[in-house]
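A quick write-up on the structure given underneath.
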Amino acid sequence: MFFLINKLVMNFDAPSPWGIYFQDSATPQMEGLNELHDNIMYYLVVILFAVGWILLSIVINYVSTKSPISHKYLNHGTLIELIWTITPAVILILIAFPSFKLLYLMDEVSDPSMSVLAEGHQWYWSYQYPDFLDSNDQFIEFDSYIVPESDLDEGGLRMLEVDNRVVLPELTHVRFIITAGDVIHSFAAPALGIKCDAYPGRLNQVSVFINREGVFYGQCSEICGILHSSMPIVIESVSLEKFLIWLKEQ
């Protein structure tokens, strides 16, 4: 039982077979996306049952040609026309305002403590830490390739593990600068609420604030060629002390 619980907890930050919901949130923006999704689902469920009830009532009560009120209320009802015009408009407004607010907040890039440059290639990712230097006084940079299934360690995730992970400190404002070296790619990490297109010759940026330690998996989300599925993204969030140790090892 303990093994199963630990296995489930580990897989919450990665795609799982037959998954029907989001991965566990690890950033404020992903928590906001979860909340927005749940709120919209509430409206959709209410609409589904309301429309279903109305249709069923019409079929049962007004389909008969003997009904003296069917034409009066269904073909010439000003009140009902106002209701089915105003009600959807109000619902759309209730959905739109939280959506616009979240969209604006996700587009804002707070004053970052550090930046990471992510560059997509066919078919791997390159990363650079422009705020830190290695032992040769060069920017810390490395390439990240998928680990073949034959080389996976025990417990490794197929098509998701890489040879070099992006290591970030938790509780730190980080800016990802995203670009591409050949064709269009997309940098996506669902648990972090990140999805940003990578264009050759153009820099896009997205802010992330990881609020817990963990290993978070993502993939290129733009079809970029025959090995598009072989461009996983692995971001490891560690404590600041562990991050400083990792920097010294580079």
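Keep in mind that glycine also has a Cβ here, set from the backbone N, Cα and C atoms.
Here is what Swiss-Prot records for this protein:
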type	residues	note
TOPO_DOM	1-39	topological domain 'Mitochondrial intermembrane'
TRANSMEM	40-60	transmembrane segment
TOPO_DOM	61-81	topological domain 'Mitochondrial matrix'
TRANSMEM	82-104	transmembrane segment
TOPO_DOM	105-250	topological domain 'Mitochondrial intermembrane'
BINDING	His185, Cys220, Cys224, Met231	Cu cation A1 binding site
BINDING	Cys220, Glu222, Cys224, His228	Cu cation A2 binding site
BINDING	Glu222	Mg(2+) binding site
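Sequence features, as recorded in Swiss-Prot, placed on the structure.
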| residue | record | Cβ neighbours (10 Å) |
| --- | --- | --- |
| His185 | Cu cation A1 binding site | 30 |
| Cys220 | Cu cation A1 binding site | 26 |
| Glu222 | Cu cation A2 binding site | 18 |
| Cys224 | Cu cation A1 binding site | 21 |
| His228 | Cu cation A2 binding site | 17 |
| Met231 | Cu cation A1 binding site | 27 |
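Cys224 (Cu cation A1 binding site) falls outside any helix or strand according to DSSP and counts as coil.
Mean model confidence for the topological domain 'Mitochondrial matrix' (61-81) is a pLDDT of 64. Look at the topological domain 'Mitochondrial intermembrane' (105-250): DSSP puts its residues at 21 helix, 69 strand, 56 coil. Counting in whole angstrom, Cys220 (Cu cation A1 binding site) lies 7 from His228 (Cu cation A2 binding site) by their C-alpha atoms. In this structure, the CA atom of Met231 (Cu cation A1 binding site) is 10 Å away from the CA atom of Glu222 (Cu cation A2 binding site).
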